[in-house]
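Below is one structure, written out as structure tokens; the observations come after it.
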Amino acid sequence: MLLLGTLGALVALSSPVVAIPTSKASIVQKISNAPQGWTKHDAKVDKTSSMMESFAYQVVANCSQIATPGNELYGKHLSKEEADKFLAPKPESVQAVQEWLKGAGLGDRAEVDGSGDNILVRASVADVEKLLHAEYDPFVAQDSGEVIMRTLQYSLPDNLKQHIDVVQPTTYFGVKSTRLTQISLRNNETPSNQTSCERSNPSCLSDLYSYGSAKAYSNGRMGIAGFIGQFASKSDLATFMSKEATQNNTDQSFSCVSVNDGGCPEDNPGVEANLDTQYARAITEKIPNVFYSTGGSPPTNGSVPDNEPYLDFLNYLLGLSDEDLPNTISISYGDVEYTVPNDYATKCCDLFAKLGARGVSVLISSGDSGVGNSCPGGKFETAFPAACPWVTTVGGTDGTGPEKAWSGSGSGFSEIFAQPSYQSDTVNKWLENDLTHQGQNPYFNSSGRAYPDVSALATKYPIVVNGATNGVMGTSASAPVFASIIQLINSDRLSNGKTPLGFLNPWLYSSAASALTDITDGSNRGCGNIGGQGFQAVQGWDPVTGLALHDEPKKSFTTRLRMNVTYSTTTAALHAGVELEMFLDGGGSGFWTTGFSIYDL
């Protein structure tokens, strides 16, 4: 995807036709080898190349102001019309790239979408190789046999670099496989009406977090993301609700939307998709739930996806009307950050910021491998998009008496994104007292975006798949639970004539911090040849549980969050070492299911 940038356009707006002079081409993106698990394959494969837009840094600054309590713009989210106008690529950028494609003989193969943001180019391997000065090869995933076309480097004309941010598919390898551990399913589970947390069922969660009933709310919309062939079953949901529902909402279901031919079959339910939809439905009651089934992950049999899943999903959401846009999105999928090209990660993160500007709260699971699986080069493995500064990342806890850090809770410091100002004071306090790593060492980038932001219970979740009840654990459970509670707050605000929360983090790190109970016990595990070097849960924020989530006796979590609104001053941190400082009004901001293990209850 060629991503048109809106910054620094050099072509005069008054020119009716932009002539693109001959320009030297230089390398834009280069990787030395395919990511671990991929090898070259000699199959003949067709491919598709597509391109899309980006937006100016002023938009990112605006997103931060809208999300910061105390700022005069707080809560004044952009409508679709305002966002399309304010965030659109400059006309000269679109025209420059179209002229370039025309000069390469590909002008008649380029399609611009209705918003003007996206340009899709369909071309042969030879044509794209010539256009990008690249060499494409088929690569096969060693564990699954999936075949995709990718290149290890590509180039662009120097005079187009100010117009183009990202080209995909190029060096991003995307999904290898789901990371699920299957067990035999059991059909003899009996319905549970227990309220203890021996199992993390809806009754337990309601008692633990005191979020109360949402049966009075039917406004707003809860969104659940589905990728890589994970499909949700309405019949399994009905079985789950008949056993586990606690709020008289046993007749509630969800709607499924197919994005990029993702499909909505009922006969092939996935553990991840069922987990997400079952707990979102149980917590949000009558609030509409939408499962977005997005295609585009690398398929088998040698074919190649038209689009990368995240960009396709995010642009679909941003194309929705204000009435159809969800208030909250739960995402339980991710990549190891070092396998994701910086420009691609930055583009996706910018689109998450754009969703925040439109009033959407995005919550993403932090992963289930502690600080990483193999930790090549002796460095912790961070996850994307968990490390994006424009999403709220949810880690995991274990136990209820009291909760402690779950050993699998994903955590880390981004190597791509600079530490945003909304968390800098909090994270720096942790760094100053980090006895394990002395605040800095070769294992992690102490100046990077740190995660998780919050956490919730991650273990002993009963779910229903193909009619059988079995148990799962992981931050794939924590994320939809926390997201669903946020949707309760969003629906409450909408019912009272207020705007939804939108991007949460400036609020969470300031106004809402006192509504979150600190988790101070436990740790997550190390990895590879640095197995003893994980993170410890300590007083205050830490890179295992973040700000955590727990309840104070006799006080509703949602009520406490609504009550804790104060003013703060913030700066808006941009990606990878670029920071724009603002002085605000106010007093005083390989793609996999992040997964789970499955076990017998």
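Numbers run from 1 along the shown chain.
Quick reminder: no glycine exception, Cβ is built from N, Cα and C everywhere.
Not measured: the values here are computed from a predicted model.
Using a 10 Å Cβ-Cβ cutoff, Glu272 (active site, charge relay system) registers 33 neighbours. Residues or ranges marked as active site, charge relay system by TrEMBL: Glu272 (among others).
Positions annotated as active site, charge relay system by TrEMBL: Asp276 (among others). Taken residue by residue with DSSP, Asp276 (active site, charge relay system) is part of a helix.
Reduced to three states, the DSSP call for Ser476 (active site, charge relay system) is helix. Taken from TrEMBL, the feature active site, charge relay system covers Ser476 (among others).
Taken from TrEMBL, the feature Ca(2+) binding site applies to Asp518, Ile519, Gly540, Asp542. Other Cβ atoms within 10 Å of the Cβ of Ile519 (Ca(2+) binding site), summed over all protein chains shown, number 27.
Residues annotated as domain 'Peptidase S53' in TrEMBL: 199-562.
Summarising the annotation, TrEMBL assigns signal peptide to 1-19.
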Under 8 Å Cβ to Cβ from Gly540 (Ca(2+) binding site), same chain, six or more residues apart: give me those in sequence order, or none if nothing qualifies. Thr426, Lys429, Trp430, Asp518
Rank the recorded positions Asp276, Asp518 by the number of other Cβ atoms within 10 Å of each Cβ and report the first-ranked residue. Asp276
In whole Å, note down how far the CA of Asp276 (active site, charge relay system) lies from the CA of Ser476 (active site, charge relay system). 8
Asp542 (Ca(2+) binding site), DSSP three-state class -> strand
For Asp542 (Ca(2+) binding site), just count the other CB atoms lying within 10 A of its CB, please. 30
Which number gives the other C-beta atoms within 10 angstroms of the C-beta of Ser476 (active site, charge relay system), all protein chains shown included? 29
Inter-residue Cα distance where the pair is Asp276 (active site, charge relay system) and Ile519 (Ca(2+) binding site), in Å: 24
